[in-house]
Amino acid sequence: MSTAGFNSQNGTGTGQTYANGPSQNPVAPQQLPGVGYGMAHQPTYNPMQAKAPPPPAHPGLYPSGPYQPVTPVCSYQPGPPHTSYPAASGQSLLTRPLMGGPPSRTPPQSASPGPRVPAAHATPPPPAVSSSGYYTNPQHPMAPAWQYNAAPQPMGPPATISTPPRGPVAGHVNPASSSTGPPPSTAYSPAPPPPPHVSHNVTQPPGPGMSRSPQHGYTQPGTAPPPMTPMAPHAYQPNRAPYGPPPTGPPPPTMKPAPLPIGLPMATNATPPPPRADGVPPPQPGTPGLHLGHYPSLPPGYQNTGYQNASAPHNATSPMHPAMQHATQPYTQAPPPYQQPHGGPGPAQLSPSLAAMSLQSTTPEALRVVNLLQERNLLPPTPIPAPTPCLQQDLQKINCHPEVFRSTLTSIPQTQSLLNKAKMPLGLLLHPFKDLSQLPVVTSSTIVRCRSCRTYINPFVSFLDQRRWKCNLCFRVNDVPEEFMYNPVSRSYGEPHKRPEVQNATIEFIAPSEYMLRPPQPAVYLFILDVSHNAVETGYLTVFCQSLLDNINALPGDSRTKVGFITFDSTIHFYNLQEGLSQPQMLIVSDIEDIFLPTPDSLLVNLNECKELVQDLLKSLPTLFEKTMETQSALGSALQAAYKLLLPTGGRMSIFQTQLPNLGVGTLQSREDPNQRAAAKDVQHLSPATDFYKKLALDCSGQQVAVDLFLLSSQYCDLASLGCISRYSAGSVYYYPSYHHQHTPAQVECFQKDLKRYLTRKIGFEAVMRIRCTKGLSIHTFHGNFFVRSTDLLSLPNVNPDAGFAVQMSIEENLDDMQVVSFQAALLYTSSKGERRIRVHTLCLPVVNSLSDIFAGADVQAITGLLACMAVDRSATASLSDARDAMTNAAIDSLTSYRQSVLTIQQPGLLAPACLRLFPLFILALLKQKAFRTGTSTRLDDRLFAMCQLKYQPLVYAMLMIHPALYRVDDLSDEGALNISERTVPQPRVLQLSVEKLSREAAFLMDAGTVMYLWIGRNCHPNFLTQVLGVPSYATVPDNLYLLPELDTPESQRTRAFVGWLRDQRPFFPSLQVIRDESQLKPTFMQNMIEDRTESALSYYEFLLHLQQQISK
């Protein structure tokens, strides 16, 4: 980013225009595709476009009434009556059959061209039957949901399963060492300073069948890959060529003869394929359905087939186990190395020049063919690591950590047409201000950047000689400044390639004066508090004041830090806290139509100078309004007053609101119809009712003010409208439904913990972030909370370490002559100490020219996260049913492309590469997620908050909200446990989200990201009840239990250690809810059982049949 680009963000009088536009890039649509590159533009594949449905096969076959699925292709067999839970270990588990009306589909509102034809009608549902009986008809009753290998009945055209009903489509972090500047005498201050040859990577246990040996990625068959060694320091090489793929040439002589192509059965004397990383043996030829990992031939109710039969032995000793595994590891750890299967390298490990040879080598684990209809236990017992890009070893060792910078495709297609053919979205997911345990910080009067594109020098540039370097984004040759010749780490001269900027993919600069147009702003915190009768009844004010009193000395800032307070009901109350007063002075402004500041100079005061007055105010506020009967809320006027107060400095606004604003500007009306919460059709009112809050947010953004919203309400508050104040000002939204200081103690605890984190976490002020990419690639859409100021510049008045972002990309110019491409995100911000800093992250990825290589590098979690962001936008701009259809089509399209273009031998079944084996499961999880589900009662604000989280949360946290983790916790042991801070943390395996995995004799913990559920079986062992919950029997378990008692028993210590460890791995505080069979929260718990059928949504197996039906058309 240019200096001018940065400078323009810091002043208030630059005349900058702030367009009132959506997050869609406002500039890109005006530029003709391909202009400037001299090539024909390829339309971008957009999975958010709806697919044209097949025409009905029979005019009378698709009635409009409620429907139940008829017997699917696999021909269900009769089973026992429906029960919610297993009465005994051998009883089959069933849920009710599918209900709901036929879906309606709205033609897509997409402006971008794509391969789809807009849909006029939805995919028709199957034949409707009488709703009076449970079975479809008396002659062919419905079979248990887990009968998967039954022979099909003789019939005419097979009955189809329709598109899923338009129902729900549904760490504890350590502050980075960079929070304070280095001492003046130190030019370079990492913590601790690594030698120049040590990269920020540590070898981890290999991921699923993926590792990589040094140098060329070759591994001798039958041997373990050699251990990774620290990268040798670069020797100075005049005229060194740019980084590229591994050298071409014949494979080492130790490679075995090439096996048969993908899909052919192996000969009896062939080398068996390597075991899968999750411990499941590979499929054996000739015996489908008879080996482990396939669906049983009988329903599980008649077999004792436990999950342990298809998962790895419980002796894994990975550093972390649940889905937060990589989120809280020190930044110095690298993703698991890419493990080469026996038999030689696969196509994903080779450069384009070796693509021909890849056809003759053993299929890599990522491309192992998986029949989703037969292999049942696909969910690994440990978290899925991010795939490792296929780069040279020295490049990969210094590449950016996937928790900070991650691509949906770790192998970038050469052309847009190749990307369109793969039918997968290309995008980046970023966590740019993440708390890092080690962050190199450089103080320099000269920050070396490309003179043409302004890219910061990074590990992936190439030095042509000692005095020249070539930019890895625009390829311009630049001179090396004289100051850059000196290495502050080794204190040597003449080795610019050993500088910390060229050894670390993530680095932070302390910016010199040319990056400032005005002096860095102080830390300014303004709190706007609802004090109406409804707010006082919730009791939140007492919790807020006590929390701020407890943490007032921990607020980020320096001697210039300022604070202020505004309270409001039908009038606006200001507080004069000027030094010299004996007590705070309340100033009331009742003219809310023309709001003004009564004493502008004494409402925002220096915290250090006026701390006693601030503390007095916080002690008196809860009692000041305790008898108020004022029910009105003039939130809009309070926001206007706060904006005027922060106008000269910028800063952070924190709003605490408990009801719908109903007085003055910004007034909102209730738009929710409670009777429509479970509607199977489209959900209304997902867009704002007024643009008042968006316009005010854009004004705030222009003056470096961010607005954070805390919503504590049991009533509808129109989060679709209120949320705009945070979305467009780079703020955060916190939501506590039904908050009450006595009735919901779990939410009170959650509010307290979140508030402490919010008040004390690191913060950056007056920030901007620019994302650059190699010439030929372009960014066209951003996701997150921000304002898009130009094509690649995001305005972030505040930036916090818990915010995530996503971008969509396209390929505008063929990348034929490139072997790697790079992406760079640069975040310029003012620290709470008043330092101007630049944090730079650079990611390098290989370029490939074959579809198999693209699929082998697909990151299924990143794809799911990006699709979720796209679906949220689609829900608001088009309709919820459009978004649901588009997500389903994304799975259909990618698996169709894989089947048609990658598989060499066509086989029956629903086939997927191993790297995408969980893609249909994650899509189904999205369809059933609170944000996208239909047919299940969902409050409108709950749905909107879930959408906000999917757009705003970093990927590792969002994935838990999409697909929760389930553990059995009544039999925790020390086997495979971690020892953290003299505490033993058990490591139970992750279970499938199905009622089949539950047992009345056990207890299970579900981690759903923002909330945890502890489900207690009716016949749970008394030892667990007494030793962990402290109750003598199941009947005495309290209904509103949210805390695990601290008992001096091994069982209690293990359980509390495991729950506490899970909580410590995320920045927010998940509440704990203990659930019994009779609990009111039981339906909420069961709605997260994604693999089971509900009244309004398909089971996982039925969803797979639907995908197969669509793919085979």
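Quick reminder: no glycine exception, Cβ is built from N, Cα and C everywhere.
Remember, it's a predicted structure, so these values are computed and weren't measured experimentally.
Feature annotations, reproduced from TrEMBL:
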- 1-286: region 'Disordered' (REGION)
- 1-28: compositional bias 'Polar residues' (COMPBIAS)
- 129-139: compositional bias 'Polar residues' (COMPBIAS)
- 181-197: compositional bias 'Pro residues' (COMPBIAS)
- 212-222: compositional bias 'Polar residues' (COMPBIAS)
- 243-262: compositional bias 'Pro residues' (COMPBIAS)
- 271-286: compositional bias 'Pro residues' (COMPBIAS)
- 302-352: region 'Disordered' (REGION)
- 302-318: compositional bias 'Polar residues' (COMPBIAS)
- 447-483: domain 'Zinc finger Sec23/Sec24-type' (DOMAIN)
- 520-759: domain 'Sec23/Sec24 trunk' (DOMAIN)
- 764-848: domain 'Sec23/Sec24 beta-sandwich' (DOMAIN)
- 859-959: domain 'Sec23/Sec24 helical' (DOMAIN)
- 985-1058: domain 'Gelsolin-like' (DOMAIN)
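Of the candidate ranges 447-483, 859-959, 985-1058, 859-959 contributes the most Cβ pairs within a distance under 8 Å of the domain 'Sec23/Sec24 trunk' (520-759).
Per DSSP, the domain 'Gelsolin-like' (985-1058) is made up of 23 helix, 13 strand, 38 coil. Predicted-model confidence for the domain 'Gelsolin-like' (985-1058) is 92, expressed as mean pLDDT. Note on the domain 'Zinc finger Sec23/Sec24-type' (447-483): DSSP counts are 2 helix, 12 strand, 23 coil. The DSSP breakdown of the domain 'Sec23/Sec24 helical' (859-959) into helical (H, G, I), extended (E, B) and coil residues amounts to 70 helix, 3 strand, 28 coil. Across the domain 'Sec23/Sec24 beta-sandwich' (764-848), DSSP assigns 0 helix, 60 strand, 25 coil.
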